[in-house]
Amino acid sequence: MSILIKNAYIATMDKDGTSEIPNGFLLIEDNLISQIGDNSNGAADKIAADKGIGKVIDAEGAILMPGLSNTHTHLGMTLLRGYADDMALKDWLEKQIWPAEANLTAEDVYWGSLLGCLEMIRSGTTAFCDMYFFMDETAKAVEKAGIRGCLSYGMIEFGDAEKGTKELAVNEKLVSDWQGKANGRITTMFGPHAPNTCSQAFIARAKEAAEKAGVGVHIHVLETEAELNYMKENFDMCSVHHLDAVDFWNTSKVPVLAAHCVWMSDGDIKLFAEKGVTVSHNPISNMKLASGIAPIQKMLDAGVIVALGTDGCASNNNLSLFEEMKTAALLQKVGTMDPTALPAKAVVEMATVSGAQVIDKQTGVLKTGGKADMILVDVNKANAAPIFDVYSHLVYAAAGSDVKTMIVDGKILMEDYNVLVMDEEEVMKKAKECAYSLAERAKQKE
Ligand SMILES: C[C@H]1O[C@@H](n2cnc3c(N)ncnc32)[C@H](O)[C@@H]1O
Ligand SMILES: [Zn+2]
């Protein structure tokens, strides 16, 4: 189907082309953007008539921009939203989250993931990178929801080589079953959990498997000072150098996605810039677990690719990248005591083009020939009057709930606030049932 969007304020996020078109149009044919341009001379109506386009969206009063990419989630964890708050990472995982997760079923992860997809659609996220369990269920949810998911299985090996072999086999199956499915909307990665929960040898095996399969790797790294101290005590070096010793950060064959990166030294930053590692910055989770402030401005100055992530819903506690964008900007400013740190446009780039790079290089900017993944942000709202600068509005004033329409891979998933791809009431009901029953089972085992 062809779709024509007209009268939009377009923020293309394309560094090589026109960045803003105040009264623009965009034509989608199949799953690709076939034309994008100025509509002040009424070009759109002519195209609609000439081509006999059935679906025309009048985007007067809306910003048209690429969809947002959430580069670090644990989507099934949406069921654990608010399950355990106000704790440090180690205690939170060991005393609350892992015992609860030990009771997870495939059905739980399906409904948790679908709820997560719904929340992402409602807040402008068209693509995400996930690391969790029962990933077939998350894949089915992505298939249904119509967004893009780059899925990895969270492998925790704890230095047990036999367990490592089993974990790798599960991730390998995910890759062989799902890579490229749903017209390429589903992609996969390998997900060794972290340098303090997996051995160096195992993480090296995961990287090898990823290179063999031609897919990326997704890992947590230097999230807390406790991790840094643990690595120094046990290996006499930080996590980054510990994994560099097995060439883990080499991106010449496959992408490497590193979540958190809070406790990075200047040397680590230089190495990531040279290697081309993508950092997923998760400021809200880092603040909530009091993990620290990642040196993002320093990373950007050094040329590191930095994207944004929410982390799981148990440490955020939502999936809104609009909140994440604002928090990222504010945290960097107060962390460096420099109000010019992480300006608005740089944050929008993190949430769009930088994140998309690691998921699908044909997304993240609006340009001819690119895949049709985009959102309309409603600016016919009190919090959007006036707008002097579109990036300032998106980062400092807008909310996820201002997203009114979403198109992914040329298909409309939400139009004028109506989600077209799932029964919202049913998803919320089923997810709540699963969540309360999971909590009950976890409590009984205590
Ligand atoms: C894939 C695994 O990662 C866990 N997990 C969720 N949030 C975090 C975090 N901030 N840091 C490390 N691990 C986390 C999940 O609870 C799951 O056990
Ligand atoms: Zn995480």
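Any Cβ shown, glycine's included, is placed from N, Cα and C.
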Substrate binding, same site as GLU101, HIS193, ASP311 - TrEMBL member from GLU162, GLU223, GLU225: GLU223
Rounded Cα-Cα span from GLU223 (substrate binding site) to ASP311 (Zn(2+) binding site), Å: 12
Annotated binding-site residues HIS72, HIS74, ASP311, filtered by Cβ under 6 Å to ligand 1: HIS74, ASP311
Annotated binding-site residues GLU101, HIS193, GLU223, ASP311, filtered by Cβ under 6 Å to ligand 2: ASP311
Collapsed DSSP category at HIS220 (Zn(2+) binding site): strand
